[in-house]
Each structure stands twice: as structure tokens, then as C-alpha cells.
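Q: First, the structure itself, so that you have it in front of you.
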Amino acid sequence: MKLWNLDFLPLAEPEVGANPVQIEVGDFDEAIEVVEDVAAENVCLNHHCKKGKVCEVDESNTPMCVCQDPSTCPVAEGEFEHVCGTDNKTYDTSCHFFATKCTLEGTKKGHKLHLDYIGSCKYIEPCMDSELNEFPLRMRDWLKNVLVTLYERDEDNNLLTEKQKLRVKKIYENEKRLQAGDHSLDLLAHDFEKNYNMYIFPVHWQFGQLDQHPVDGYLTHTELSPLRAPLIPMEHCTTRFFEECDADSDKYISLEEWASCFGIKDREC
């Protein structure tokens, strides 16, 4: 199944860099009403809580993060807001999912629960070996075209840093660059072999976009989620591909493992 469509690239920079497929599930902070002293500062306004938690103040007006009651989440405006958890349960919105996960913190069920993909839960076809081998061919080409598109749009949007622009400019101006389009797998494989250097930076760039919390050279399930969650409903090999990227099965994908998944040689890391 083919997904690599550039039509949904954002014009504004998302929460984690300029990741073109990153979902923004949002932070759901609640404003705390000051009753005793209307002039008192609302300390929760600048107190950040992770997804699934909201800020409340204790008796000394000290802000603290507590789990949000799922019933307080905004009602879904449509099925497009549904998300599927790894428990194969459809949640009305990402707010409902993260609030539920928060209430399960410290439990075995909560530890295993993650946002699996965007949309209602559905049957995902098994990924065959032959299909798995095709996945990086399309994704490498797609990442390259994503960067080129960001470069073309990046006049005042700050989608790329100046250093990144210089790297992408070399790809953009290369006359040998394979233009975006519906290409055969044979052509994609041939182009990767022939123009290998064009694909190194896009692969590394995507890793850097995801490696944010913290920036440590490893991708966790949570860091990888903004990329994989929108892809799974349309690319059924997504889950297996990223699972097998974790070659040592330690639940972390290192830069070396990531590069290897896309056929980038160790010396390029």
C-alpha cells in the first residue's frame, strides 16, 4: 500500500521540529479559577504538565500535575479524532487516551499501554517479508522529497535551520535528483544505489526530529509515536519495520540501528 503523500505538510513548525507527519495530540492544561483572591497570580498558567495531566494548586498555592479525569475531555467532533491504543481499544480523542493512561500509571497495564495509531481500531494486515523489504525504499524517497518540499516553502516559516537549508540545497539543485512521483520499486532501488549520498541526510534528519525527549541518540516508543501513529493505518508494515529496527530488542532504537534500517552504512553515522 502506498502512502507517501506530501499534501499534508505543515506550514507552521510543530512541537518537535518540523516533522511533516508528526501528530499534535495537544496538551490539555486546565485554567485554575482563583476564588479567594482574584488578583492572585494563577501559578498554573506557566506550569507545564505532560499529556494526560492537568495543573492544580495545593493549599500553599503550589502548582502540581494530577491525572485528568477522562470525562472532562472535550467531546470528539468526529471519527477523525479517534485514536487506537495498543490495548486494541478505540478512544474518542487523544485526550481521553492520555487521561486514561495517566490513571493507570504504576500498573502493568499502564506500562504496556501506548497510543498505537490515529483512527479507530481496525484489522491491520500482516506484513509479509517481501513487503517489509519494500518499505524503506519508499520511505527513503519520501523523506528526501519531504525535505525538498520544506526547502521550497521555507521562506519565512523557519521550517529548517540555516545549516539544514544548506544541506538540502545541495540535494535540491542536484540535476541527478529523482523527482517526486509514483516510481517503481526497481527505480527507487536503482536510484538509492546510484545517488546514495542524497539519502544520507534525510534519514539522519528524521532521526533528529524524533530524538527530542531527551536528545540522547536513542528513540523510545513515545518519541517514535509522532511518526508511526499516522502511518500505521495506511502502511501496514510500519509496526514490524520499526520493531525490527530495534535489532538488540532493548526497546530503544539507536542512530546506528535507525541508519541500518534504511541501508545507511555505519561510517555515515
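Using the three backbone atoms N, Cα and C, a Cβ is placed for every residue, glycine included.
TrEMBL: automatically predicted annotations, no manual curation.
Under the heading disulfide bond, TrEMBL lists C44-C55, C49-C65, C67-C102, C73-C95, C84-C121, C127-C237, C245-C261. According to TrEMBL, the feature domain 'Kazal-like' maps to 66-123. Annotation comment: TrEMBL describes 233-268 as domain 'EF-hand'.
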Q: Around C102 (disulfide bond), which residues of its chain at least 6 apart sit with Cβ under 8 Å of its Cβ?
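A: Residues satisfying the criterion: G52, K53, C67, Q68.
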Q: Which one of these disulfide-bonded residues has the most other Cβ atoms within 10 Å of its own Cβ: C49, C65?
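A: Top count of Cβ atoms within 10 Å goes to C49.
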Q: Drop a 10 Å sphere on every Cβ of the disulfide-bonded residues C67, C73, C84, C95, C261 and tell me which sphere holds the fewest other Cβ atoms.
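A: Across C67, C73, C84, C95, C261, these disulfide-bonded residues, the one with fewest Cβ atoms within 10 Å is C67.
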Q: Treating G and I as helix alongside H, and B as strand alongside E, what does DSSP give for the domain 'EF-hand' (233-268) in helix, strand and coil?
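A: Split into helix, strand and coil, the domain 'EF-hand' (233-268) gives 18 helix, 2 strand, 16 coil.
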Q: Distance check, please: Cα of C44 (disulfide bond) against Cα of C237 (disulfide bond), rounded to an integer number of angstrom.
A: 42
Q: Quick one: pull the CA-CA distance for C49 (disulfide bond) versus C121 (disulfide bond), whole Å only.
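A: Rounded to a whole number, the Cα-Cα distance is 28 Å.
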Q: Quick check on the domain 'Kazal-like' (66-123): DSSP residue counts for helix, strand, coil, in that order please.
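A: Counting residues per DSSP class in the domain 'Kazal-like' (66-123), I get 21 helix, 11 strand, 26 coil.
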Q: Cβ atoms within 10 Å, counted per site: which of C55, C121, C127, C237, C245 has the most, among these disulfide-bonded residues?
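A: Comparing the disulfide-bonded residues C55, C121, C127, C237, C245, the most crowded Cβ belongs to C237.
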Q: If you measure C237 (disulfide bond) to C245 (disulfide bond) at Cα, how many Å is it?
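A: One finds 12 Å between the Cα atoms of these residues.
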Q: What does the structure give for the C-alpha distance between C261 (disulfide bond) and C55 (disulfide bond)? Integer Å is fine.
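A: Between the alpha carbons of C261 (disulfide bond) and C55 (disulfide bond) there are 40 Å.
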Q: When you put C55 (disulfide bond) at the centre and draw a 10 Å sphere around its Cα, which of the disulfide-bonded residues C65, C73, C84, C121 have their Cα inside it?
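A: Neighbours among disulfide-bonded residues, in sequence order: C65.
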Q: Just to verify a number: CA distance, C121 (disulfide bond) to C127 (disulfide bond), in angstrom, no decimals.
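A: If we compare the Cα positions of C121 (disulfide bond) and C127 (disulfide bond), the gap is 17 Å.
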Q: Rank aside, I only need the closest one: which of the disulfide-bonded residues C84, C95, C127 has its C-alpha nearest to that of C65 (disulfide bond)?
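A: Its closest listed neighbour, by Cα, is C95.
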Q: Among C73, C84, C95, C245, these being the disulfide-bonded residues, pick the one whose CA is nearest to that of C127 (disulfide bond).
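A: Its closest listed neighbour, by Cα, is C245.
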